[in-house]
Amino acid sequence: MISIKNVRKIFSTKQGLLKAVDEVNLDIKEGEIFGVIGYSGAGKSTLIRMLNGLELPTDGTVNVAGREISKIKGAELRKARQEISMIFQHFNLLWSRTVSENIAFPLEIAGVSAPERKKRVEELIKLVGLEGRGDAYPSQLSGGQKQRVGIARALANNPKVLLCDEATSALDPQTTDSILDLLVDINKKFGLTIVLITHEMHVIRKICHRVAVMESGRIVELGPVLDVFKNPQQPITKRFVQQVTEPEKTKETAEHLLERYPHGKVIQLSFLGEATEQPLITRVIRDFDVVVNILQGNISHTQNGSYGTLFIHLDGQANEIQKAIEFIHSQQVGVEVISNG
Amino acid sequence: MADFMELVKWDGLLLATRETIYMTAISVLATFILGLLLGLLLFLTSKGNIWENRGVNIITAGFVNIFRSIPFIILIVLLIPFTKILVGTMLGANAALPALIIGAAPFYARMVEIALREIDKGVIEASQSMGATHGHIIFKVLIPESLPALISGITVTTISLVGFTAMAGVIGAGGLGHFAYLEGFQRNRPMVTLVATIAILILVFIIQFIGDYFTKKTDKR
């Protein structure tokens, strides 16, 4: 559906040349939810804007839905853009128009007749759950509702691809989740290909099938979300994964506990898929002469399976602890000793 | 009181008021159209916009700045040959129109430009991402989104134009300025000047009221 080949984008700034995107190659499949994660300035925004021609690559080619976006111009590009919709961090609604009129805007651009526009707008309002708000102005809506209008507007012309430019970054966690649920819904219902960029691993974890990690204009890691969670390679990826799996408090709790119980070991266990459902801790307590203290646990559900982390404190004879760790290891659970008592 | 009623030529005042309204109305209409065009051109050809063009931008800005800087009373005099060709005379309300329009349009053009700059760039970009043409962007995004500012701008410009018509009146265009100067000042009848002033004030208040009403009505932010 989307193919990016050897793409580079160089901006000339007052400080000299800036490589925003550097030798990027990507293939995104039809019906996939693909995430690009990176800190600000990593080039992810430039990359997504090349997918609808808001930005042109300095080198390389960008193909979306059978068209070479990096080459076409004028009417052909405008036609293509009706099939590649975009939603934005700050929603970018027209404040002078009501919700219904905002959703009708892309239909007006596409030259849809007034009665058909009305019908389509009603469908879309229902789809995004804004029934009864059609005559409200954007200024009367909450952030989450504004983004729903943005999504309805983006879907108006039945696009093939939906680009999400930090679409949930201005929303609170709860609203973020409801918007993400809506995106998954749309993806399943219409088989829409979704490309999203974000700096929040939570967003990737919750809805993406595959993820690319960007740093200084390059893609440094790429793979199915679960694989990246299980086995992050690059330091930057590890940091992103930690955003979700390892709340900051864990370290403090571990330190605090080690002070109080100077013996034993603090261990981080990582579970994947079915392993998350095994009664592992029970077996450790029954079969080995150790005391288990659960410090912190967390299970993350991704689109391709679950991934869990558990921090425990093991106390007892050193050789018993060692045996327990070996047992856990044999159960296909990742074990990492993070501090020795 | 009887003196007062006699002192003022009421039919003359009525005629002068009508002339002022006529000159203001026509020049506002023309200023709105010309100013909007110039303002759009200034905005669209500036850096980072859809018709980015340094040359056109500099020429337009130069034109606007020059005509905005010339004091109105001098502009009228400078434009006398031009007015004569265009209107055929330099007396009467119609003869004032070219100077009024050329004096006010650049002023309004700057206000239009400022109003357009206030529009969130993201909204323009969103329209582009939907495949909007430049026509769509101008008529469906730029003008509607800046409408309250465009209206409050034309209100201010209209009030300036009322002042300009008074000045034009002194050198032969008629209207309330002419009435106050000729009937009041030159014949040493301060009461007439006062009445003409009050008529202008009422006119300005009405314009401000109408402008405020529509600014408020169109502002959905």
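Note: Cβ is positioned from N, Cα and C throughout, glycine not excepted.
Annotated in TrEMBL:
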DOMAIN    B:17-211  domain 'ABC transmembrane type-1'
TRANSMEM  B:20-44  transmembrane segment
TRANSMEM  B:56-80  transmembrane segment
TRANSMEM  B:86-109  transmembrane segment
TRANSMEM  B:149-171  transmembrane segment
TRANSMEM  B:191-211  transmembrane segment
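By the Cβ criterion (distance under 8 Å, sequence gap of 6 or more), the transmembrane segment (B:56-80) is counted as touching the transmembrane segment (B:149-171), at least 3 such pairs being found. The highest tally of CB pairs under 8 A with the transmembrane segment (B:86-109), across B:20-44, B:149-171, B:191-211, is held by B:20-44. For the transmembrane segment (B:149-171), the residues of the chain that approach it from at least six positions outside its boundaries are 16, 19-20, 23-24, 27-28, 31-32, 35-36, 72-73, 76-77, 96, 99-100, 103-104, 107-108, 111-112, 114-115, 118, 143, 177-181, 200, 203-204, 207-208, 210-212, 214-215, 218, judged by C-beta separation under 8 angstroms.
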